[in-house]
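Working notes, beginning with the structure itself.
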């Protein structure tokens, strides 16, 4: 029974094929045809990776000549659009008889049961019931159909009618009503009947939006030297260092080794800056008075926009900058710019445009272009993604005592982020939104995450209790694994690791197509570096890259959270894997078994050769002898045979090639085998928030694991040192024996043809077990007795 449950769960974690009805399907006469304005000669739609969803659009533009209220002599008008049980309202204007709203309402046609569309104009009353001004009624059967790229439907003026529709009243309203799809330009900013329960500021947070990451630059500051820097105590020469701050980033040079008023450093400090350059460049030269006290001797403040932009590896001219004496300006007010001190600093500062500023891991990078746009190459393809729907999403919060989920998707590729609209209170939402990206390198990854919206302005309470959008799951797709011009439609499992273990949160359905614009250019890219050339001409250290990536992620998260509606910090951090560098016992085990899997082929080959040598299958061993004789007699066939063999293996494996993109694999991730304590440790904060006993237990476990790794590394070092000891005379007798052996071997190899040597060595290696001894060989015994530096270890 347990085996069946395990097999079932493994099946749930796999990718599933789908066959959705993609493309346009219209209710009146087939695809792209029928009556009305839709002609059969129209070009193919760009929305061919999603299922068609029909909406009734009502655009309320403005009204004129509205009658005032007979009691207040004023008019505070608003418009209410009613279709069946669905109602949408515009905002009201105070004391306006000619208001302008220019608002669009979108009603899902699948949920519309009414045969009429009613547009009411009402007068807002603060105490009593809102006053009726008039209405306009449209017959659903007479509503025209509009499909992009048709021009927008022109709104028209309609006279208001009384309640019964028998007579006209004073006032007119300008309205346009049409039947369209999610491809309509009005769709993203329209009021949706699906989100009619959302009010106030929450309305903005449910709409679909496209975001662009800020343009990031590396700011390189080469601190060369300073002159005439004086501390407050002039009797003691300063031990100076430089501190530079850009935004929230602070870096320091090393202390000048000599105590002098003319210190030298020649040290590089690298920061991340984003356009538009809002932060100031703030530099101070400080004196290390005591280990706990620093004294500012001078400062420099400058906007980032004044620095030179470098696009290649050419040298940047250095400049001398005057330092302002710190503290004098604060005392003298406006005279601070006049009080220049004689000290100055020598800097070489530039904004690096030839690098790609990495805000994500290189393992699943989505953008490889340099910062400077003039260095970009032409795109080699187009990536189109249809975000169709989701199924079986787990409830993420409680609202009014009811478990519910308000899901939306976020997709990130390159500098472009997209966010779908939020589907209110649905565990099986249907988005059917399509997005497009330009592709500059096929060896990149698109990331898509599903979240629960907790910012709808209601009484939601997430399971964690915090007002953050909860993670439902994530999908990554590497573009190089996709066949060109093929549509992949699959249902991807949404898997999340929690402290209690692995949990499937549902499934998300995607349609993906990668279109190649230039096959020759794409093949050409496979032989070129992934990153721009500056990363290889002037590379950063590993520690620098980690720090700069974290700073870039922080800047991107801060900028996108200021958009309207905001793409929140928790979204950006989850998509960019901000915690991927944190220690995890589970990841360590997974990486170890990945290494084992990589060498599994070599291990299997070694085992097979051992079976051949020990004559486990005599026929195989005899055939191997024959092949060995042929290769010895005709050595020029060795390399052609090897490459021909790999060619045939590639052709054979073509039949079994993967038919679908890779997805989150629970076995590779070692997700199901992780213990609860290991998962609890993985999700612990940094620094830890656990109790002393728990930390002690985990520390001891880590020491045990590290001890085993230490033993393996020591054994590898020992074997290498024994090779070095062969000629080092550390063991004089062993080295003497080896030197004599080398001399004899040189003479034998000189007078004996190589084919004879190779044939004799091969026959000895494959000799029959009758001629083998169970004792270790003499060379092995000799090697094991060589000395190593393990004897010198404390």
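Each residue, glycine too, has its Cβ placed from N, Cα and C.
Taken from Swiss-Prot as is:
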- 1-34: region 'Disordered' (REGION)
- 1-27: compositional bias 'Basic and acidic residues' (COMPBIAS)
- 37-158: domain 'C2 1' (DOMAIN)
- 76, 123, 125: Ca(2+) 1 binding site (BINDING)
- 123, 125, 131: Ca(2+) 2 binding site (BINDING)
- 198-321: domain 'C2 2' (DOMAIN)
- 364-492: domain 'C2 3' (DOMAIN)
- 510-532: transmembrane segment (TRANSMEM)
- 595-615: transmembrane segment (TRANSMEM)
- 619-639: transmembrane segment (TRANSMEM)
- 737-757: transmembrane segment (TRANSMEM)
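What Swiss-Prot annotates, mapped onto the structure for a quick look.
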residue	record	CB count, 10 Å
76	Ca(2+) 1 binding site	20
123	Ca(2+) 1 binding site	20
125	Ca(2+) 1 binding site	13
131	Ca(2+) 2 binding site	18
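For the transmembrane segment (737-757), the partner stretch with the most Cβ pairs below 8 Å, chosen from 510-532, 595-615, 619-639, is 619-639. Looking only at the binding-site residues 76, 123, 125, the one with its C-alpha closest to residue 131 (Ca(2+) 2 binding site) is 123. Secondary structure of the domain 'C2 2' (198-321) per DSSP, as helix, strand and coil residue counts: 10 helix, 66 strand, 48 coil.
Note on the transmembrane segment (619-639): residues 611-613, 755, 758-759, 762, 766 of its chain, located 6 or more positions outside it, place their CB under 8 angstroms from a CB of the stretch. Across the domain 'C2 3' (364-492), the DSSP tally of helix, strand and coil residues reads 7 helix, 64 strand, 58 coil.
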